[in-house]
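Lifted from Swiss-Prot, the feature list:
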ACT_SITE  His37  active site, proton donor
BINDING   30-37, 147-150, Val176, 184-187  ATP binding site
BINDING   Gln61  beta-alanine binding site
BINDING   Gln61, Gln153  (R)-pantoate binding site
Amino acid sequence: MEIISDKAAMAARSEAVRREGKTIAFVPTMGYLHEGHLSLLKRGRSLCDYLVLSIFVNPTQFGPNEDLDAYPRDEERDRKVAQEAGVDVIFMPNNEMMYGPNYQTYVALEKLPYHLCGLSRPVHFRGVATVVTKLFNIVRPHTAIFGEKDFQQLAVIRQMVKDLDFGIEIIGGPTVREPDGLAMSSRNAYLTPEQRKDAVALYNSLNQAQEMVSAGGKSAAAILEKASETILAVPGAEIDYAKLCDPATLDDVEAIAGPTLMALAVKIGSTRLIDNKVLEP
């Protein structure tokens, strides 16, 4: 396994791999890898000849007063996880490499970012779309794998790849969960032991919503009211959003008429957690 920090060297390596007729799978991350990331890497390993992992805590997707400086980092552990997954190259650029002096070009979508997380994090998806565009141009993968836990991010990237003719296959990897159902996330490291127990309320509310839909429930208001009750029973929990929406457009729905995305963003203490589930009637 090789570690590359220079973007020209990464581009040259990808070009050499392509000249050999090999296919490249790419998993972009911000590091602090967990079993969810490992599942994406294993998927990439199974799909292509060559596997690239990027680790870059992207400053442009964090707004003021968000957790950029506090975001957890553990390079040694990340390297072990990457080795276990069969990664060929870890691309680890720094801020100066990705955003040089007088940097002024950004990628922004018109509609998808202005739902769900974008309502409270207005610059987030501009930063995501920009850094992913740059990484795609450097790594030049045939396939890229993203987690379905970040459903809106996956939707934004799929739309961007389609609109801008990247010619890259985008694959979503299922959410990987702890034994009690909590979605794996690097930010889970912020939780105290008590908050960690309480955080399973997100998963429980999603399951309750599916039970209501399976029993014939169609009212979005009723489903969301029940979810809010479950979450707000947790001391100190604060709901950023709880939404039922069209999985394709992310527009809110008032009634369940087919597969419907339920998406949650909740603060447990100071830690913001997200989760989602596509509810099936």
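Cβ coordinates are placed from backbone N, Cα and C, and glycine is handled just like the others.
These numbers come from a predicted model, not from an experiment.
Feature annotations (Swiss-Prot) mapped to structure.
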{"residue": "Met30", "record": "ATP binding site", "DSSP (3 states)": "coil"}
{"residue": "Gly36", "record": "ATP binding site", "DSSP (3 states)": "helix"}
{"residue": "Gln61", "record": "beta-alanine binding site", "DSSP (3 states)": "helix"}
{"residue": "Glu148", "record": "ATP binding site", "DSSP (3 states)": "coil"}
{"residue": "Gln153", "record": "(R)-pantoate binding site", "DSSP (3 states)": "helix"}
{"residue": "Val176", "record": "ATP binding site", "DSSP (3 states)": "coil"}
{"residue": "Ser186", "record": "ATP binding site", "DSSP (3 states)": "helix"}
His37 (active site, proton donor) as reference: those binding-site residues from Gln61, Glu148, Val176 with C-alpha within 10 Å of it: Val176
For Gly36 (ATP binding site), the number of other Cβ atoms found within 10 Å of its own Cβ: 21
Pairwise Cα distance for Leu33 (ATP binding site)/Gln153 ((R)-pantoate binding site) [Å, integer]: 18
Among Gln153, Ser186, the most crowded of the binding-site residues [Cβ within 10 Å]: Gln153
Rounded inter-Cα distance in Å - Gly36 (ATP binding site), the residue listed as 'beta-alanine binding site': 21
Between the residue listed as 'beta-alanine binding site' and Glu148 (ATP binding site): CA-CA distance (Å): 18
Surrounding CB atoms that lie within 10 Å of the CB of the residue listed as 'beta-alanine binding site', all protein chains: 21
Most Cβ neighbours inside 10 Å, all chains, among the binding-site residues Met30, Leu33, Val176: Leu33
Cα-to-Cα gap, Gln153 ((R)-pantoate binding site) vs Gln61 (beta-alanine binding site), nearest whole Å: 11
